[in-house]
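Swiss-Prot has this to say about the protein:
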- Met1: N-acetylmethionine (MOD_RES)
- 29-102: domain 'Importin N-terminal' (DOMAIN)
- Ser112: phosphoserine (MOD_RES)
- Lys574: N6-acetyllysine (MOD_RES)
- Lys824: N6-acetyllysine (MOD_RES)
- Ser931: phosphoserine (MOD_RES)
Amino acid sequence: MELSDANLQTLTEYLKKTLDPDPAIRRPAEKFLESVEGNQNYPLLLLTLLEKSQDNVIKVCASVTFKNYIKRNWRIVEDEPNKICEADRVAIKANIVHLMLSSPEQIQKQLSDAISIIGREDFPQKWPDLLTEMVNRFQSGDFHVINGVLRTAHSLFKRYRHEFKSNELWTEIKLVLDAFALPLTNLFKATIELCSTHANDASALRILFSSLILISKLFYSLNFQDLPEFFEDNMETWMNNFHTLLTLDNKLLQTDDEEEAGLLELLKSQICDNAALYAQKYDEEFQRYLPRFVTAIWNLLVTTGREVKYDLLVSNAIQFLASVCERPHYKNLFEDQNTLTSICEKVIVPNMEFRAADEEAFEDNSEEYIRRDLEGSDIDTRRRAACDLVRGLCKFFEGPVTGIFSGYVNSMLQEYAKNPSVNWKHKDAAIYLVTSLASKAQTQKHGITQANELVNLTEFFVNHILPDLKSNNVNEFPVLKADGIKYIMIFRNQVPKEHLLVSIPLLISHLEAESIVVHTYAAHALERLFTMRGSNNTTLFTAAEIAPFVEILLTNLFKALTLPGSSENEYIMKAIMRSFSLLQEAIIPYIPTLITQLTQKLLAVSKNPSKPHFNHYMFEAICLSIRITCKANPAAVVNFEEALFLVFTEILQNDVQEFIPYVFQVMSLLLETHKNDIPSSYMALFPHLLQPVLWERTGNIPALVRLLQAFLERGSSTIATAAADKIPGLLGVFQKLIASKANDHQGFYLLNSIIEHMPPESVDQYRKQIFILLFQRLQNSKTTKFIKSFLVFINLYCIKYGALALQEIFDGIQPKMFGMVLEKIIIPEIQKVSGNVEKKICAVGITKLLTECPPMMDTEYTKLWTPLLQSLIGLFELPEDDSIPDEEHFIDIEDTPGYQTAFSQLAFAGKKEHDPVGQMVNNPKIHLAQSLHKLSTACPGRVPSMVSTSLNAEALQYLQGYLQAASVTLL
């Protein structure tokens, strides 16, 4: 694509169409842009539009399109073509910083994100002048430019907060500090001076405080991994100014908005975070500043209002106190009883109250409420921070704190009892307080794992939780119902089983509650209870114990999916999946009805898949229906095919990318259930599975390979006769997969199935070419993963076609190649093979090479016989060699190129491990002994001589053990 006015005009028209609400106009425009984005100059045309277009809407659209293009294509993925030509990469990096800084804020943010994506890949090695260019802009004095630089630096450096320590990371941070720390500090001081100068200018203050927020965020990122020497030397400057800003109050920066945090709140919140970081990680160096910060933050807490806009500030301030009180250094600041009482009374209890804003979220924004409350994204809420402070105080003062709070809990419950309909919020706070007090350690998976022994959890459950749940009206006091259900979830490991069993029918009835939060919590609680393990590592609740409730459980779960707001509720679908898994054959009578409902749901959501977790659990539930029913009655597979195939066809025809990998997995499960030949409905699909376009999407590959393996296992003879012309296509898929480091193991899965199941004559003409392809890959790009897969394949080939056939095919490619493969690959690398079945295949294959390959006994290959036997005994007896060559250590084969749909394995579609030598060989050590005995019978005297003269003593001892166990000798 040329950088011409005509192309700019065309691009403008298509960008405009991508904003059209009509899909008939929008989608073709999106497809067109996708089709041209691989052309040279495409990204430069977008940047030119950004600079030259007069239409602001088009400029914003171009900036978003450019950012998404960079997100999808900038990373260079091994084995994949480079999606952006080098000239475009150079031009983008040369122009983007200037363009970003000279653009309006809306566009600046998009380009700043694009710079951070590029920087993540290229900085510092491939973009060494980025920092210099950014730092030089600090001198401009233009805070629009300066804030652009700070915003970009923040998005570049914030990853230092969660990266693992490494030399590479240290080197990068040092480079950044050397270039950035001093200019940032000077800018910090200058900005604070300007705040004093412009103290009465609201618009100037807004810009300056935006800068201070970004500077404070950068301080956090640059100090997170370790305390840099520069910041230690300049701690006075930073901490004194942070303290001043923390105590600052300027009427011009206060906002009337009760919801949205203002600049002053955001800055103080970040300073609390910075102080907490230093208090936690660098307490020795920070010690002399700490008392001033504790005082300032305490004053902040007792003077800040209850409005939502202060939530982040208050929660960060409380988190600061929580991090301080946990450190032995600062224990003395909190040990006075009056201090503890004051903290409880003035900070913890007020911030645990259920406010009008919380009630509004509970009723009108339930999805967000659940996300915060159940999934732990409540990190910045007042309640969560207050809860963390309680836990922190309990570390050293558990007795006094429990005593103080017990009084509060009792008085709250008394207030509630006086007038429940008015005072229900008192009980809500009491439950939350008990939960905070009792929870010492908690995980999402297991609930509370360590509890405060001073709190009687069962007594509280029986007296205050069960009565609410036993009420006949499931819609009364929904917040308290949700609290009670959450209590069951959190303390499920502490409450005795008999009480939990009583709760199950109550939870089932709450699936009918109108409140989204209540019926979601009920579903989640049931799912968590059904995954609990008993003492013998089976489920705590048996199918027999749940049997009385099966019908009402399944009815209410599926009915809950019809309640307003829950048509794609992932917690309900997960509970359905877990119920199926626990109840097993007890669900069979209900399956005809349930599979219809699941299929209807699948058809509905396939129109616009938007809830990935819901979709995943739905497919898991479908797989469970198939597994459980067909285990009892394999012929029932036909009923599932009738129910599902119409929907599956629609999904495949409409190219619903998110669902295609799932469809292939379910089809594999169905096909594997057939015991005889492949039904014609599957064979009609077979040619379509080989289309290259399907294999271009990484997320499809594991599911497609599994499905092709099912075709080969169930219908190799049909393929050989009715679809012989498709065998080259099948091998073409293998060739594509084997060329990729990320997918070569999938290529071997396919190849192994071809070798194991296809009639030999149908692949004869391709065999030599298969080996040549494998050797080319070995030569060009040898990895440990490839070697392991290659070893399994050649041994499987040996088992299937015979040892002599393996030797002949190697030597047919190149004279003496068989010896080279033995010497350079099999003998030194066999120790790396992992997996019981894989080791067994290799053991049986090598045994065949040792005992059924005449050239091993009477040619130049004979010298390799004993080393090969030695390596086989090593495979049996030595630990697996899991060392990885240095150059391979950093290959990340899991990287998904761009933003394609990743593969999601369905647990309940899982394939049983297949052992191709299971019927032939039970114990490979005994098999070796018997095979050596047979060989020694054919060549008397030779085998004992070779073994006794060349095998090391330890290996010889192991071999004698095998012979003894097999009751044979070497003649």
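Including glycine, each Cβ sits where the backbone N, Cα and C put it.
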Averaged over the domain 'Importin N-terminal' (29-102), what pLDDT does the prediction give?
92
Close in space, distant in sequence - Ser112 (phosphoserine), Cβ under 8 Å, 6 or more apart:
Met100, Gly148, Arg151, Thr152, Ser155
Lys824 (N6-acetyllysine): which of the modified residues Met1, Lys574, Ser931 is the nearest Cα neighbour?
Ser931
Sorted by position, what residues of the same chain at least six away from the residue listed as 'N-acetylmethionine' have a C-beta under 8 A from it?
Asn7, Val36, Asn39, Gln40, Asn41, Tyr42, Leu45
Suppose we draw a 10 Å sphere around the Cβ of Lys574 (N6-acetyllysine). How many other Cβ atoms does it contain, all chains included?
23
C-beta crowding around Lys824 (N6-acetyllysine), within 10 angstroms:
11
Rounded Cα separation (Å) that holds between Ser931 (phosphoserine) and Lys574 (N6-acetyllysine):
52
Which residue counts does DSSP yield for the domain 'Importin N-terminal' (29-102) in the helix, strand and coil classes, in that order?
53 helix, 0 strand, 21 coil
CB contacts for Ser931 (phosphoserine) [other CB atoms within 10 A, all chains]:
19
